[in-house]
Each structure stands twice: as structure tokens, then as C-alpha cells.
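Trainee: Below you'll find the structure I mean.
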Amino acid sequence: MASLVLCLVSFAFCFLHYSLASNNFNQDFDVTWGDGRAKVLNNGKLLTLSLDKVSGSGVKSKKEYLFGRIDMQLKLVRGNSAGTVTTYYLSSQGSTHDEIDFEFLGNLSGDPYIVHTNVYTQGKGDKEQQFYLWFDPTADFHTYSILWNPQTIIFYVDSTPIRVFKNMKSSGVPYPNNQPMRVYASLWNADDWATRGGLIKTNWSNAPFIASFRNFKDNNACIWEFGKSSCTNSTKSWFSQELDSTSQARLQWVQKNYMVYNYCNDINRFPQGLPLECTFNSTTS
């Protein structure tokens, strides 16, 4: 009630208070494809993406960002989700685009989801790391976060770091630091590769498949607009954030117990030698 009274007195306070307090999918995202399969519900608080045999669906943020922490809560497709891929990622556009990926690879009922992560710089990816999760991501919402600053990219699951990709440009490793990116989310069929290398196909009798999104947060991010950043200085703590000793220990716990693939260990894939960043500490790429 007090906030409502202040809103009546000061429009500026009202706008600031509610824009910071809660994001709204109607205001923050555009539906990009799916012919009605992407739905915004609960007065903008919930986004559902649907996949059937005809089409999947997807959205992208209205805003572009150049560095920030982006948070999203997801509840993944329940039951037999084999062949499906739910995505949540940052990307610029063009053949030399940058991209920071969360992809969730579906599986047969009872088998674990695989969290597939990747980093693209100047149009080149091939930096995959994959993980199991330590919970059922279909039973409830969980928070998946990307921290992207000039020093590092950190992937978080419920505030636990699972992957770090450091800025190693001084050593000749490209790093995404000059292309503004939008936030994307989608649900689509990828049964040619997603589950056991494409051996398990999508069972369309289970369609429609539905993934849910809520609590999108971009409050700690630099909005790029009219060729300029909303961050006029670098005093914000996240802008220089790296992992402390406690977070380093959590990262090592995840990578020891839940990592199922690391491109830096795949010598058969890189017969001419592992990528340059793989010569650094394995927890940084």
C-alpha cells in the first residue's frame, strides 16, 4: 500500500521501483518463432515454450547486453524428453558472432538430463563441456546464471559454479568482449544428435513437450543501446568478480563428480593438438 501511495505521488519512483523489483516477459522478450507455441502467462511472470512434431518455439530479449549477470529459472520437460533440447543462452548475430550457451539435452524417463555448455568467439565454438545435475531439473524450477565480465565467464546452477572460461586474449585465445548479445530461449527437436548421439529418437506420442521459464533477471547487466553501454564505470562488484576459494572448491566438486564431457580431454577430436586454452588449468576452460 505504501508503494502504491508513493507511485501516485511520484511516477518516477513507481517506474523505478517496479522495473527493478520484477521482470516481465511481455516487456522483456519478443517471440521469434513457434506460431503460438510460446506463451506468456500469469501477467507476464511465466513463459512456456512448447514443441510438437510440427514446430518448436523460441524468444529473444528486447535488450542487448555487453557484460552482465543474467539469471533465469527453468523447469525442464518432464518424462521422456529424449531428442528435445531446451536452450537458454546469450548471442550476437552474424558469421563471426559470440555466444554463451546453456543447452539441456533431454533423455529417456529416469535417465538424467545433460547440461551442455559452450562458448563461441568470432563464430567459432568447439568448446563443449557437459554435466549431469545433482537434482531432478524437471520437478521444480532452478536458477541458471551466466556471469560475463571482461575477465571471465562463469556458468552457475543455483549459485554453484559449474564452468569458468577466463579471458586469455593476452595468450592468443579469443574472448567475447566487444559484441553486444541478446538473451535467447528455445525448445526444439534435435533427435539427430541430442540423446546418445542420435540413437534415441523423439517419441512424438508424448508431445507437446513443454519447458517453463520464470524470474528472468538482468538487473546486474550493462544494457547496450544507441551504441553505448549503460555502465558508465566499472565499480560494480560483478564487473570484476572471479571465484573465491569457496566457489573454487564448489567448482572442483562439480567437475569431479558431475562432468561427463570436456573438450580439453578429447585428444581424439584434436589430433593436431588440444586448443590453446586447454594448456591452462582445466577448471578455467
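Just so it is clear, glycine is given a Cβ too, placed from its N, Cα and C backbone atoms.
TrEMBL lists these features:
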- 1-21: signal peptide (SIGNAL)
- 19-213: domain 'GH16' (DOMAIN)
- Glu99: active site, nucleophile (ACT_SITE)
- Glu103: active site, proton donor (ACT_SITE)
- Asn107: N-linked glycosylation site (CARBOHYD)
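Where in this structure would I find these features, and how exposed are they?
Mentor: Neighbours of Glu99 (active site, nucleophile), defined as other CB atoms within 10 A of its CB across all chains, total 20.
Taking Cβ-Cβ distances under 8 Å and a sequence separation of 6 or more, the neighbours of Glu103 (active site, proton donor) in its chain are Val85, Thr86, Thr87, Tyr89, Val115, His116, Thr117, Asn118.
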Trainee: At the Cα level, what's the spacing in Å between Glu99 (active site, nucleophile) and Asn107 (N-linked glycosylation site), rounded?
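Mentor: Answer for this pair: 25 Å between alpha carbons.
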Trainee: Are there any residues in the same chain, six or more apart in sequence, whose C-beta is under 8 angstroms from the C-beta of Asn107 (N-linked glycosylation site), and if so which?
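Mentor: Those within reach of Asn107 (N-linked glycosylation site), by Cβ under 8 Å and sequence separation of 6 or more, are Ser81, Ala82, Tyr113, Ile114, Thr195, Ile200.
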